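**Student:** Structure provided below as structure tokens; questions to follow.
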Amino acid sequence: MTECFLPPSSSPSEHRRAEHGSGLTRTPSSEEISPTKFPGLYRTGEPSPPHDVLHEPPDTVSDDDKDHGKKKGKFKKKEKRTEGYAAFQEDSSGDEAESPSKVKRSKGIHVFKKPSFSKKKEKDFKIKEKPKEEKHKEEKHKEEKHKEKKSKDLTAADVVKQWKEKKKKKKPIQEPEVPQMDAPSVKPIFGVPLVDAVERTMMYDGVRLPAVFRECVDYMEKHGMKCEGVYRVSGIKSKVDELKAAYDREESPNLEEYEPNTVASLLKQYLRDLPENLLTKELMPRFEEACGKTTEMEKVQEFQRLLRELPECNHLLLSWLIVHLDHVIAKELETKMNIQNISIVLSPTVQISNRVLYVLFTHVQELFGTVVLKQVTRPLRWSNMATMPTLPETQAGIKEEIRRQEFLLNCLHRDLQGGIKDLSKEERLWEVQRILTALKRKLREAKRQECETKIAQEIASLSKEDVSKEEMNENEEVINILLAQENEILTEQEELLAMEQFLRRQIASEKEEIDRLRAEIAEIQSRQQHGRSETEEYSSDSESESEDEEELQLILEDLQRQNEELEIKNNHLNQAVHEEREAIIELRVQLRLLQMQRAKSEQQPQEEEEPERRGGIGPPPCDGVLEVRVAKEQAKASPSKDRKETPI
């Protein structure tokens, strides 16, 4: 039995019946107006209308009637939930409205009629749901009513808020479109030809290998020789992908934070992603042919000749890889990896057959005996501005670190000039420049200390009795060094005094500006207090004013936060400017020293010509004595000597 929930008034079926011909209207049957169907239409004492002929007498109650009674109770409960609806068996079609005979025969509401076995079966299989279109219409109607209620409840302030929120949502969509057009794409390192990766990520020491390969091999040489099943056990994929993404961005992650299996998987991934075979397509068949030679000597000679024909980068990477894996095989007791295991792992990775790999591993000394795995030293970092980094102590260490930093500086300049806008690279550029300034200053101090120790040792070893002309010549060199140091110190002091005067003038102007700003702040505060006292009498507790105050408070907090960020940037810029000034002072000192040396070299030939013109009267003064006199005269004439005692 299907149930269609039909509204009591203006249903579509009634309209169709009314529109058809003969103007006949359907009279409700006795079942449709039964008191059990519509309780409340009849009084309780009145007898109910006669039932249909198909119903059985009430005294015989069968099992079917009991089941039917249960269904009737359920139907009554459902009626209470849906008031104003009637349950019909079928909607009357237009054909029924046309013929009156059909109207009389039409069975109305068969709720209490005992169905036959076939009808009961049909009723159980019919669907008791509304059509989908009617449900969709009802949902739309409910949504429209909900929107109408909301629009009625909204106030003017809510409408303004909604308009502002829509405006804010629209604005940021248009802004980020412009920088996305200019941002160049960063090329990856994995999957590119070996020569390109070498040109982009080669280390400072000039070894033509990619940085990812060098760093992975160094790490595995340190930490992977005691790991069981190395290069056979795979690392964690998420960590391998993380390292791969970092190297693709041309960063240098700290591999010490990862496990050996993860780094080994990263190295295998790089070798697997190489677009070309290490032995090249042209030479690969010839390597296979060389494996078929009869004697081992012929195999080695043919392999040596073929390896010389390989490109430089391919030959170098292959030699480093074979030597490194030979170290792994040498630690077989700890790594559990022999030649067979390494060949099984490496063959699908580098696309080289097991026969060729076996020859390479069994003749490492003959083929790659001169290869030495050079350890990479990372450049010095100065991440924390509050502390000074630990600089090398010896001159050789300082010069080596300067070479590393200058190589890194050139790479950063090349990337930034290529159009790649990266804030992290710009910050690293400033960091490298600061480190270079500190290293050069430390190198000068080390040279000065070395000269002083040399002079002290020479003075201590000298004795007054054993003074000769050869020793005097050696002392002249010491005197010249001392004079050069004195000149350098004097010129540097002059530049520092000039910088001091400039900074004092700047400080005075800044103090005046601070006083002016304080006066303005005091004046504004007094005006605000005066304005508050006037407005307190006429102030009203309106919602709009409180909202404006909240917005102003938010704007004020935002401005304060921006001001703090600008102050931090200003401090960084001031530090950088100060370092650049120090570098300029050093360059000026060097220029002045070069000018003084050039002037001395021009004066020396003139002094040598004068005694020749005089006829050789009197012996020429010693060069060392002349230099001492010239230095003393310059020291007297220089104004920096009078300023030595002035505090800086």
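Glycine is treated like the rest: Cβ placed from N, Cα and C.
Predicted, not measured: the structure shown is a model, and the values here were computed from it.
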**Student:** Among S22, S29, S151, can you tell me which residue Swiss-Prot lists with the annotation phosphoserine?
**Tutor:** S29
**Student:** For the feature phosphoserine in Swiss-Prot, which residue out of S11, S48 does the record point to?
**Tutor:** S48
**Student:** Could you let me know which of S30, S533, S542 shows up in Swiss-Prot as phosphoserine?
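**Tutor:** So the answer, going by Swiss-Prot, is S30.
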**Student:** Among S93, S468, S601, which is the one flagged in Swiss-Prot as phosphoserine?
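**Tutor:** S93, according to Swiss-Prot.
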**Student:** Can you tell which of S9, S92, S238, S509 Swiss-Prot marks as phosphoserine?
**Tutor:** S92
**Student:** Over the region 'Mediates interaction with RALA and RALB' (403-499), what is the model's mean pLDDT?
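**Tutor:** Here the predicted model's pLDDT, averaged over the region 'Mediates interaction with RALA and RALB' (403-499), is 74.
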**Student:** In sequence order, which residues at least six apart in the same chain have a CB under 8 Å from the CB of S461 (phosphoserine)?
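**Tutor:** Expected: none.
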**Student:** Relative to the Cβ of R232 (site 'Arginine finger'), which residues of the same chain, six or more apart in sequence, are found under 8 Å away?
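**Tutor:** Residues satisfying the criterion: M337, N341, V345.
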